[in-house]
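**Student:** Dropping the structure in here first, questions after.
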Amino acid sequence: MAITSVIEQMRQLIQLIAKHNHAYYVMDQPTISDSEYDHLFHQLKALEEQYPELVQADSPTTKVGGQALSKFESVTHVVPMLSLGNVFNQEDLFAFARRVEERLPNQKVQYEVELKLDGLAISLWYENGVLVRGVTRGDGETGEDITQNVKTIRNLPKVLHSEKYEIPRLLEVRGEVLMPKSGFEKLNADQEAKGEKTFANPRNAAAGSLRQLDPNIAAARPLAFYAYGIAQCEPNHGLTTMHDSLQWLTELGFQIAERQYLCNSIQEVQQRYEQIQQERPNLQVEIDGMVVKVDDLKQQQQLGFLSREPRWATAYKFPAQAALTTVEQIDWQVGRTGTLTPVARLNPVFVGGVTVSNVTLHNIGEIHRLDVRIGDTVSVYRTGDVIPKVEKVWPEFRPAEAEVVHLPESCPVCASPVVMPEGEALARCSGGLYCAAQRIEAIRHFVSRKAMDIEGLGDRWVESLLRLDLLKDVADIYHLHEHRETLLGIEKMGEKSVQNLIDAIEASKKTTLARFIYALGIRGVGETTARMLANTFQTLEALKAANVEALKKTPDVGDITAEWIADFFLAPHNIEVLDRLIAAGIHWDAPTAPTRQPLNGESWVLTGTLEQMTRDQATQMLQALGARVSGSVSSKTKCVVAGEKAGSKLEKAAKLGIPVMNETDFLSLMAGYGQTLS
């Protein structure tokens, strides 16, 4: 058979299978029988086996399997994957609507209602219609590259097709990966038959499947992808509503959740909620509520965002599922900052698809409020079907020997005195960095990516080093090279892994003052506050010497945080650890000029492909000068930095008269402020 004829036959089969996949998975209207579909699939596979050099990139047979990975790479989301706010009752729902409508005076508001799928949110990138990347939500800012695994999901298009619409140059689609109930039941039956561990619920099964380093395992699992939104589209799709956007996605080959409703009032939204709640048991997928969105995309833009969630959408959760059990014990756990948290150990009980045996009681005040005692019968429920919580204590079932719970006087880990300042709800161990419980959490935080970024020093290493008494505090990390022979004796730690660890520790010594401050794990000091402190005080010595009043003048530092920072630097054992860290060689570039925040409060946007720097580098330079980097252009945008292939954001900037800067000019501007690529 001629090569051109083979390719033509392959293309015909691929297009035919894609058409039937769309009819089956997206439209839920199969046009051929399973046996006919299998015949087409095997016909294509036979051709590919005969002519492996001609296999097409978008062939459905290439979706399954691949080489196992050693780890997942981190990816920064260009547009953050924000979470949704929650409402749990009609009163909260109506309050959400009031807030929306107050910000949109004299405008008609329609609401798009969708099922809130109980799966894992991911982001898919398509370039010229071809899937190039799949990324987990992660912390909303950074996720993990799971491209090889998402390519194994059968209903997920690898190449976009549409007879009606032009395929965009760049498209980022957000959606949920989950395991339908029927597939979950079959998977568990197969696991049980093989004598292997079963999964507690479909969400756990889906999560476990996506997290497999070997894509062949993911390929064998019955996963499905449901699209729920568009993060980026270049050129702009020109659609005006959420409802139309979802229909547009189906035209491109994506499956969306089986129910969407366009509601003209919030009262109609409530009616749909009650309807969906009744239909929940009959759905093919697990849901934990519904998502309510303002339908008009222009109105969404007007409403904007809070720090972690959009103002134009909320999740309306179903009532939590509850069960009765007994409190067997109440233990006190010590966290990274020394906070003592009471944890109720329960007689294990099955609630909402998972077995619950531990529930946090938050603080001694919550124990007193509930009047919970060891031996009590309690109602346990899962907030939003996720976080277990004690809802109620049943005193009528209380045994005579039930024990009242008191706040311990000394730390259960290091025996240091427990302190609880007047007016605070949380008790703390006063042992600081010498408390073993605080130590392990402090070390985990210290080595994390956004702190000192010591690659390879994970939990297994940390636990082994603590057992061997090689880590008493974070400063000991920088003396591990003195114990090379001991390190080589740790199980599964060979010459290469030990050398890699030592090299990573050495590399981490060159850092920034902001990262170092963040790494110290001072209570109330996150990344942004650490950056503000570094910009304000410029040197560690100046920060250590600062009093509460000086600290309070720092942007992003409130009265309480100022006291926490001052207390940290007044503790002798903390100063001792700091001195040892500096003596070990941790350093950063000295400030070359007084602190400047020339872009303070400005909103900047990055778009297109940057060739001379990464988006992370550009973002860090802007943030160092006080600017905020946004994922969208608005009238409040100060400037747009445009790389190659910039699309809709550039068009919008032109419409609004927002200044646009190319990459070279941006780097020149940054250099003028003392910001250069490192």
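For all residues, glycine too, the Cβ spot is worked out from N, Cα and C.
In case it's useful when we look at the structure, here is the feature table from Swiss-Prot:
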type: BINDING; residues: ASP34, SER35, GLU36, TYR37, ASP38, SER83, LEU84, GLU114, ARG137, GLU176, LYS293, LYS317; note: NAD(+) binding site
type: ACT_SITE; residues: LYS116; note: active site, N6-AMP-lysine intermediate
type: BINDING; residues: CYS411, CYS414, CYS429, CYS435; note: Zn(2+) binding site
type: DOMAIN; residues: 594-678; note: domain 'BRCT'
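I'd like these features described in context: how deep, what's nearby, how far apart.
**Tutor:** Sequence-distant contacts (6 or more apart, same chain, Cβ under 8 Å) of LYS293 (NAD(+) binding site) comprise TYR111, GLU112, VAL113, GLU114, MET242, GLN300, TRP312, ALA313.
Counted within 10 Å of its Cβ, the other Cβ atoms near LYS116 (active site, N6-AMP-lysine intermediate) come to 24, all protein chains included.
The C-beta environment of CYS411 (Zn(2+) binding site), restricted to residues of the same chain at least 6 apart in sequence and closer than 8 Å, consists of VAL334, LEU340, PRO417, VAL418, CYS429, SER430, GLY431, CYS435, ALA437.
Mean pLDDT across the domain 'BRCT' (594-678) comes to 82 in this model.
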**Student:** Whole-number Å only: compute the distance from the Cα of LEU84 (NAD(+) binding site) to the Cα of LYS116 (active site, N6-AMP-lysine intermediate).
**Tutor:** 11
**Student:** Which one of these binding-site residues has the most other Cβ atoms within 10 Å of its own Cβ: CYS429, CYS435?
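**Tutor:** Of the binding-site residues CYS429, CYS435, the most buried by Cβ count within 10 Å is CYS429.
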**Student:** Using Cα coordinates, what distance in whole Å links ARG137 (NAD(+) binding site) and LYS116 (active site, N6-AMP-lysine intermediate)?
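**Tutor:** Counting only the Cα atoms, the answer is 16 Å.
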**Student:** For the C-alpha pair, I'd like the distance in angstrom between LYS116 (active site, N6-AMP-lysine intermediate) and CYS414 (Zn(2+) binding site), rounded off.
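**Tutor:** With the alpha carbons as reference points, the distance is 45 Å.
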**Student:** Which of the three DSSP states, helix, strand or coil, fits LEU84 (NAD(+) binding site)?
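**Tutor:** Its secondary structure by DSSP: coil.
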**Student:** I want the residues beyond CYS411, CYS414, CYS429, CYS435 whose C-beta is within 8 angstroms of the mean position of the Zn(2+) site's C-beta atoms, in chain order.
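**Tutor:** Counting only non-site residues, the set is VAL334, GLY338, SER410, PRO412, VAL413, ALA415, SER416, SER430, GLY431, TYR434, ALA436, ALA437, GLN438.
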**Student:** Under 8 Å between C-beta atoms and at least six apart in sequence, can you list the same-chain neighbours of CYS414 (Zn(2+) binding site), or say none if there are none?
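**Tutor:** When sequence neighbours closer than 6 are ignored, CYS414 (Zn(2+) binding site) has CYS429, GLY431, TYR434, CYS435, ALA436, ALA437 within Cβ distance under 8 Å.
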